[in-house]
Amino acid sequence: MNVNNVEMVMSAVSAAQYPTDGKPEIALVGRSNVGKSSLTNTLIQRKNFARTSSQPGKTQTLNFYDVENQLYFVDVPGYGYAKVSKKQREAFGNMIEEYITSRKQLRGVISLVDARHDPSEDDVAMYEWLHYYNIPILVVATKSDKISKSKFNKYENNIKKQLGFDSSASDFLFFSSETKYGRDSVWEWITAHM
C-alpha cells in the first residue's frame, strides 16, 4: 500500500472510546520493546510517527492510527513488563481482552516476537489465546537484521515450535525496521485481511 495520509485519531481504554466509523482494524501485539511502534513507522514510511521508546511499558492505551482513511492500526500496550504494578497489568489485560474478543472491526492481529530469542511465556499465551478465538494471526519476527539470513529457517522453526504454530490458521514473516525487510509482505497480509 502506498501510504501518504496517516493520523493518530485516538487513544482508548474502553469500548465507549473506540472509533465508530466501521473501518477494518489490524491490531499489533507483543511484549514491551519488541518493535510495535517501529513496525508501524516502517509500514507507513514515517520515521517517528508512532512514538518509540527505549523505556518499556510506554504505551498504556489502545492507540488507533487511521491509515489512508481505509483502516486502523491499533497499537496495543506491550505485555510482560515487570515494572508496572500487578493492578496495572490486570487493567491492561482486561482492556486488551475486551478489545480483541468483542471488536467486530478487528480483521487480524500481528503478533510480534523478537527473532533472536525464544518466544516468552507471554508470547506463547498470546498466540494460543488469539488462536482459541479464531483470530487471523501474522507472527512477525522483528529485528531480523540482527541474524544471518542463512539461519532464518533455524530461527523460524524454533519460534514456530515454541508457539505451537498452526500454519492453517496463521502466517509467519521475518521483519526489520532497520533494513525494511518484510515490509511489503506484511502489507500483503494486511491487505488480504481488510
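Positions of Cβ are set from backbone N, Cα and C atoms, glycine also.
The feature GTP binding site is assigned by Swiss-Prot to 30-37, 57-61, 75-78, 142-145, 175-177, with sequence analysis given as support. Per Swiss-Prot, Mg(2+) binding site is recorded for Ser37, Thr59. Per Swiss-Prot, the feature domain 'EngB-type G' maps to 22-194; the stated evidence is sequence analysis.
Within 10 Å of its Cβ, the residue among the binding-site residues Lys36, Lys143 with the fewest other Cβ atoms is Lys143. Between the alpha carbons (Cα) of Thr61 (GTP binding site) and Ser37 (Mg(2+) binding site) lies a span of roughly 13 Å. Here the binding-site residues are Gly30, Pro77, and the one with the most other Cβ atoms within 10 Å of its Cβ is Gly30.
According to DSSP, Asn33 (GTP binding site) is assigned to coil rather than to any helix or strand. Within 10 Å of the C-beta of Ser37 (Mg(2+) binding site) there are 22 other C-beta atoms, taking all protein chains into account. Taking the C-alpha positions, the distance from Pro77 (GTP binding site) to Ser37 (Mg(2+) binding site) comes to 11 Å. The closest partner of Ser37 (Mg(2+) binding site) among the binding-site residues, by CA position, is Gly30; the full candidate set was Gly30, Lys143, Phe175.
Looking at the domain 'EngB-type G' (22-194) alone, the prediction's average pLDDT is 86. For the binding-site residues Asn33, Thr61, the ranking by surrounding Cβ atoms (within 10 Å, all protein chains) places Asn33 first. Listed in sequence order, Gly35, Leu39, Thr42, Val140, Ala141, Thr142, Ser144, Tyr181, Gly182, Arg183, Val186 are the same-chain residues at least 6 apart in sequence whose CB falls under 8 Å from the CB of Phe175 (GTP binding site).
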